[in-house]
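What follows is a set of notes on a single structure, which appears directly below.
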Amino acid sequence: MADPAIHHETQPINQIAIDYTPEACTHCPESNSITLTYDHRGGARWRSTTRFLYGTFSSLIQCPKGNTSGLNFNIYLSSLEGDKSQDEIDFEFLGKDKTIVQTNYYASGTGNREEIHDLGFDCSDAFHEYVIKWCPNFIEWLIDGKVVRKVEKREGEGFPEKPMFLYASIWDASYIGDATWTGPYMGCDAPYLCLYKDICVPVGTAVECSCDS
């Protein structure tokens, strides 16, 4: 059987919905680029307008420059942000250290599967490619074409199976864990810009898009 992760068709994201602070999110469909800004207005969050069931999701991302302590910027899948029973698959950047990224996934609202990965570079220096490959039996997280984590579905263990939106946001997460997660928010280099380009989602809809066998 062929590896289904290799055969996913993707297409540029054409439409997005902005969940909050639309004036802090700039979308250019022609260049397939999105800019999120964090400043005195707070942050912003965008998402795809449809859910997808399995497939490959990717973006080139250049994270914000300067002292980003306290901020979280990300790209992730979620069945519905804010739903206590959500499925989710994450890439999360922790503003206190721009040389690492955290991966995590949730099944029916249960997470606690975090792993920290050394990037080997400062995520704000240039664009790098971040890819989530989500199949019925495994998930892969890739950075610049290299698999940094793979999780296989196991009997008796939770695994994301609900159709999910593609999301990205920038926000102040310094209140979590008394600032131990992302650091205390400093704000000395605001505004902070998180840049996304060449954003791709699976071809088809949540009903039509599935892994090849």
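Every residue gets a Cβ built from N, Cα and C, even glycine.
Taken verbatim from TrEMBL:
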DOMAIN    1-205  domain 'GH16'
ACT_SITE  E88  active site, nucleophile
ACT_SITE  E92  active site, proton donor
Restricted to the domain 'GH16' (1-205), the mean pLDDT of the model is 94
Other than its own, how many Cβ atoms are within 10 Å of the Cβ belonging to E92 (active site, proton donor)? 20
What is the number of other Cβ atoms found within 10 Å of the Cβ of the residue listed as 'active site, nucleophile'? 21
